[in-house]
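Annotations for this protein, taken from TrEMBL, read as follows:
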type     : residues : note
TRANSMEM : 25-47    : transmembrane segment
TRANSMEM : 68-89    : transmembrane segment
TRANSMEM : 101-120  : transmembrane segment
TRANSMEM : 174-196  : transmembrane segment
TRANSMEM : 202-223  : transmembrane segment
TRANSMEM : 235-255  : transmembrane segment
TRANSMEM : 261-278  : transmembrane segment
TRANSMEM : 299-324  : transmembrane segment
TRANSMEM : 330-351  : transmembrane segment
Amino acid sequence: MSVGMIIHGHTLHPTSASSLLFRPWFIVLVLVGAVERLSGLALGVAVERDWIVLLAGTNRPVALAQANAVLSRINLLCEIVGAALFGILLSKYELVVCLKIAAGLMMGALPIVVSLTWLTNKLSSGVLDRAVETCLSCSFPSSLKSENIVGVGLEAIKHGWFEYIRQPVLPASIAYVLLYFNVVLAPGGLMTAFLTQQGLNPSIIGGFSGLCAFVGVAATFVSAKMVKHLGILKAGAAGLVFHASLLTTAVAVYWSGCLSQQTPIFFFLALVVLSRLGHMSYDVIGQQILQTGIPASKANLIGTTEVSVASLAESIMLGVAIVVNDVSHFGFLATLSLVSVVGAACLYCRWLENPTDTQRTLFSFSPHL
């Protein structure tokens, strides 16, 4: 439906943005897009926080780390290949033709995904079926059964937030959320606008984004090795400290005021690219910490709440960028991003230094970090 609405809008004559908002096809496009994002969020949480734990087992940290790494690696590679493929199609065909091809690929992939899920469940002796039974047996407040949809929604949000705050690995989760405040020192629209203002060639900007993606893939290999040799908690600390250290150096290079020269700006970009190794490593390792520390019956609830909070953090930072509304304030935004990353590293390391009894039973804490 999304593709159909976009194709329909593409065939119409250009209109003003204000009139576009009230067109029926645009409203349908927004609603369908919202449903698609919510469905993707639900599937992502179910796969990454629940199914993969049931298949690999929380009592097998190395196997779980490898499973998380493979899943993240596949996601990143699909994003890279998908973007490259769509770019090639756009260079040869019209937009409408490319959208039709994309829609055909998505519809063709759906039965394959369903079949592979069924096959996975069959080969694992129905472990996913048992997961559904476990989740249905969870006790929820009776008010959730109310016929008032708004009340049910608010009660669900309140219940999710309450369980999120009570989780035993809350500092690790907050560190994960804080990383989402970094929307500047990462590949994206704000970094692209800054590099364009600096007069860099578009091929260099594209190469920067591509290198960040490939470093992310490399991090999925590194993270499993780190968990095997350092343990899950120290591996997470190493990833965060590495990420914060390189970004601190990158911001220092920016404030040195010499980015107008070619060598310093390339050094700045190299630091940002390498910092993605620490970021993506913690993305995989932090996910495993949450998988291990959160009870299976609450994995979907807490996972959904965490993703929602992370999206809110990213939206807040993007809102600040919109208010600033000038590339000349890139340094201010970069400093805010750095503060969030450094705060995440400090919070996580302090958590390792002062564990609770509950955390000691879940993980093997070392007296010295």
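Every residue, even glycine, has its Cβ placed from backbone N, Cα and C.
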Establish whether the number of Cβ pairs under 8 Å between the transmembrane segment (235-255) and the transmembrane segment (330-351) reaches at least three, counting only pairs separated by 6 or more residues.
yes
Cβ pairs under 8 Å with the transmembrane segment (202-223): which stretch of 25-47, 174-196, 261-278, 299-324 has the most?
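Looking only at 25-47, 174-196, 261-278, 299-324, the most contacts with the transmembrane segment (202-223) come from 261-278.
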Given a Cβ distance threshold of under 8 angstroms, which distant residues of the chain, six or more beyond its ends, lie next to the transmembrane segment (174-196)?
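Beyond its ends, the transmembrane segment (174-196) has Cβ neighbours at 202, 204-205, 208-209, 212-213, 240, 243, 247, 250-251, 269, 272, 275-276, 279, 282-283, 286-287, 290, 306, 309-311, 313-314, 316-318, 321, 327, 330, 333-334, 336-338, 340-341, 343-345, 347-348.
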